[in-house]
Amino acid sequence: MNDNIARKMQQTYNIAYWGGSYYYVNDLGNVSVCPNPDLPGAKIDLAELVKRVQQEQKHLRLPALFCFPQILQHRLRSINAAFKRARESYGYKGDYFLVYPIKVNQQRRVIESLASSGEPLGLEAGSKAELMAVLAHAGMTRTVIVCNGYKDREYIRLALIGEKLGHKVYLVIEKMSEIAQVLEEAERLNVIPRLGVRARLASQGSGKWQASGGEKSKFGLAATQVLQLVETLRAVDRLDSLQLLHFHLGSQLANIRDIATGVRESARFYVELHKLGVNIQCFDVGGGLGVDYEGTRSQSDCSVNYGLNEYANNVIWGIGDACDEHGLPHPTVITESGRALTAHHTVLVSNVIGVERNEFTQTTPPAEDASRPLTSLWETWQEMHSEGNRRSLRESLHDGQLDLHDVHTQYAHGMLDLTERAWAEELYLNICRRIQQDLDPSNRAHRPIIDELQERMADKFYVNFSLFQSLPDAWGIDQLFPVLPIEGLDKPLDRRAVLLDITCDSDGIVDHYVDGDGVAATMPMPAYDPDCPPMIGFFMVGAYQEILGNMHNLFGDTAAIDVYVFDNGEVTYNQSEEGDSVADMLQYVKLDPNVLMARFRDQVKGADLDTGLQEQFLLEFESGLYGYTYLEDE
């Protein structure tokens, strides 16, 4: 495979833009991973890596997550560097801390890889369980802990204990009823609390996650409540405890203008609080830093029209400008950029278990006494091959669709038999294929027809995974994730395909794909080789997907492999997750595997079977109980 073909593959799947320099197509036509773009020699062929791990770890079965902790650390360095440049550029005198909200991915490998990176990093918790995880890892970072979410007294006490241990723990007030509990528990523990307030802004981002920001958001205090909080603290001489201002515009903000507008409004809260005598020291802009899942660099829901540097510049300039205008000190800026930290670092790899393709047969004329829809279809087919054809491609397609609809209607009323219906459907497929061959992708008028026919004619690839477990946001909120074969891209991409999972649910299908023209309903694929089926990679699944995945059809967590790539060519890995067994999933729903085994054994013993067959059936059942929930190769 030469460089020209490699470049073409980069464009075909838009990988050059969504890959973030971490993923690219190599000269062999396989996807390569470069976990640290600052060390371009430290790279690994993903397909070869999967095969190596399968060979060395005989028990490993696909699907499996391949995780690259070095990407996490590079993302952390990149975000910190962007804010350092912005502060230097605008003469910003305050500090900056990136805080990781662990709800994005609470896996141990993620928290420990980030906390042990040597980079400044804070941690954020939104529940008691998360706070316990954060406190246990806080000794590795020694910076900032932000406590969000609704809180009971136990949550509050844990946070105050963290303060007592020497951490900077900010209890962010989300509702007015929390403040009395915080003050009471702080007095009992003899701790001066560090408080934050989450202000509910009028500004709101757009997109799939817009409800998490704005005036109707679930969390935060309205302007009147912020004033009440200030007076409550002033009355008990605890105004100095209120040190952090927090706001949240929304997750995955696509438009930089929304970010700039939100920062400008929140900066007014900072100014007004100082006028009230509140010495706010930290300005937490929350989440919102998005990633470009589709690589279009646009304002669409799964893209962003800005980069790290522009984001940092807008945040730092917006806050600094308001401070300078009113002669106020520059606060420490905090961002909670969990998605931007984690999305790139994980790839789900799985195997294709089967393909359903349209088969094109030799066309034959209908019977002389065939019904009108059948003869009309044949006339359309013949006219398409005649030199004097005056029908447009669109007209031929519409005529064929109308005739096929009439065929289905007549079949439903018993006027046509199954053979006639099958003949009509095969001829219609041939008409569609002929129209496809004559369409010109550069003709804008042809694009809707091309898209329609690609979807109609696409191969169905059945992939060994659960959309609901591994890509829950693709099902739940129609989020797009980059998907492509991780091998065989040196072959012509002369097919279009859709991917279906193995659940018994019609929603288990990937509806949207990234290609060179943006987003499409099908994906380009090489011709399917049953002797060497391709492995499929689902990219940028490191944020939220692992923790949101559900157990539909009792498909469980997949295996996970942590991979480290070094510039001397060395590659090491360890399997951090075994993947759920059938027994694991049954126990989740309170079905005891031992009880099931005993009941099945009773049935087998009571059946009229010879001893050898009984033992075989029992062994098969027991083996299945402790096997992988996904389809396993023999």
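From the backbone N, Cα and C atoms, a Cβ is placed for every residue, glycine too.
The feature N6-(pyridoxal phosphate)lysine is assigned by Swiss-Prot to K103. Residues or ranges marked as substrate binding site in Swiss-Prot (evidence: sequence analysis): F283, D284, V285, G286, G287, G288, L289, G290, V291, D292, Y293.
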Cβ neighbours within the same chain of V291 (substrate binding site) - under 8 Å, at least six residues apart: G20, Q252, V304, R339, A340, A343, H344, M540, A543
List of residues, in chain order, with Cβ under 8 A from that of L289 (substrate binding site) and at least 6 apart: I79, L253, L308, Y311, T335, S337, R339, A340
Distant-in-sequence Cβ neighbours of G287 (substrate binding site), under 8 Å, six or more positions away: P101, H248, G250, S251, T335, E336, S337, G338, R339
Spatial neighbours, same chain, of V285 (substrate binding site) - Cβ under 8 Å, 6+ residues apart: F247, L249, G262, V263, S266, V315, V333, I334, T335, E336
Other CB atoms within 10 A, centred on Y293 (substrate binding site): 24
Y293 (substrate binding site) and the residue listed as 'N6-(pyridoxal phosphate)lysine', Cα-Cα, nearest whole angstrom: 20
Coarse DSSP state, helix versus strand versus coil, of F283 (substrate binding site): strand
Those recorded positions listed as K103, F283, and which of them has the most Cβ atoms within 10 Å of its own Cβ: F283
Secondary-structure category, per DSSP, in which L289 (substrate binding site) falls: strand
